[in-house]
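Q: I have a structure here, written as structure tokens, and I will follow up with some questions on it.
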């Protein structure tokens with residue numbers, strides 16, 4: 001079956017990638033986006049010190065539009081962040097002015113990494129506090145409030161959900177949609193911005209801005225919303241064990257970030273490739289085919305995880321994550337192909353000296369995408385400090401070097417019982433420092449290199465379950 005043709009229209013590209021679920025007139029939007037460059041915007045409220053992967057989906061829509069020649073405005077809500085967008089779960093906690101403005105600066109710095117601020121399609125960063133800090137209560141009521149009808153405001157999904165709850169909604173959060181509408185109008189006046197994008201959960205606020213511009217300026221502007229990302233099991237995408245997956249490496253390490261995408265459910269892969277990568281349509285279809293025909297190889301998962309990690313944390317860090325996977329998992333699987341000569345985890349691997357462990361790849365090319373896998377050429381250094389930092393992120397325990405491997409497996413949670421540990425060892429599914437454990441009565445010290453600068457060992461169950469022990 002031949003690959004489908006690539007998409008030439010940016011609007012059709014957005015539709016194919018599943019990035020539009022609600023919009024103003026689609027015919028007008030297609031004409032707008034497939035025509036001369038326009039200004040468009042997306043807003044991000046500073047509710048935390050970092051953006052997360054849900055925000056990344058919106059940022060990448062901005063980048064796709066910028067690559068098509070359109071000029072993005074990234075708005076960080078220094079004023080709306082002080083108020084809080086109503087959410088079904090209840091009233092948001094109000095943060096101090098100082099805290100919110102600190103988060104504004106952090107989010108602006110993050111956004112600056114993903115957009116191009118030079119050239120004909122140069123992006124602009126704005127803070128809505130700049131035009132709301134001098135707005136008086138009387139001006140708010142006279143110049144803005146009179147254009148909003150309470151009946152219409154009550155019908156917005158977020159407001160309606162809160163009104164049906166026992167807690168209700170405060171006037172503070174009820175007014176949020178007016179402030180967001182003001183943002184769109186201000187950007188229309190200052191930059192001739194004619195398009196707002198955002199998540200579908202913001203659609204009520206977005207259309208309020210469209211209506212405000214029509215009423216006050218007599219102009220027609222446009223908007224579209226993208227679907228909220230959920231995992232195949234219905235859970236909110238971007239959460240793991242209740243914690244958000246942040247773009248800040250200090251909040252979610254590059255290793256954990258990579259593992260989050262690597263461990264995506266097979267059913268989620270086609271959509272995640274469309275949303276989070278810049279792979280072409282034919283490349284994505286090749287990867288989807290690999291999931292159907294050889295799911296155990298997890299080729300598409302590896303491409304997804306590597307590509308997004310590289311995008312967020314840079315090529316050098318993404319390469320270190322990939323090489324660390326090759327060392328820790330022992331068989332080169334992180335590269336999508338089995339390699340020979342991968343090192344035993346020993347004193348050199350975790351040494352803190354100027355020397356580094358190296359992996360000699362067997363392939364002669366490297367590209368971020370290839371049908372066979374993410375590939376490296378030549379000899380690549382593995383930063384031992386990076387490897388050491390990963391040990392403390394893994395499930396871990398302090399043990400004695402004279403403990404039985406079976407007892408350790410149970411202690412670190414790789415096995416639920418001693419009988420399970422013995423069974424897995426007899427089946428050849430347990431490794432210590434990349435050495436297969438063959439005897440159920442083996443002790444930890446028979447696998448150790450005591451010259452290591454950190455007294456640690458890495459246990460692996462099967463292909464992907466790791467734990468660290470310190471002795």
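Every residue gets a Cβ built from N, Cα and C, even glycine.
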Q: Can you identify, from 16-25, 26-35, 36-45, 46-55, the stretch that Swiss-Prot calls motif ''HIGH' region'?
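A: Range annotated as motif ''HIGH' region' by Swiss-Prot: 46-55.
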Q: Which range, 221-225, 226-230, 231-235, 236-240, does Swiss-Prot list as motif ''KMSKS' region'?
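A: Per Swiss-Prot, the stretch marked motif ''KMSKS' region' is 236-240.
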Q: In the domain 'S4 RNA-binding' (403-471), how many residues does DSSP assign to helix, to strand and to coil?
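A: Summed over the domain 'S4 RNA-binding' (403-471), the classes give 20 helix, 19 strand, 30 coil.
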Q: Sequence gap of 6 or more, Cβ distance under 8 Å: name the residues on the same chain that satisfy this around residue 180 (L-tyrosine binding site), in order along the sequence.
A: 43, 80, 85, 202, 205, 206, 208, 209
Q: If you average per-residue pLDDT over the domain 'S4 RNA-binding' (403-471), what number do you get?
A: 89
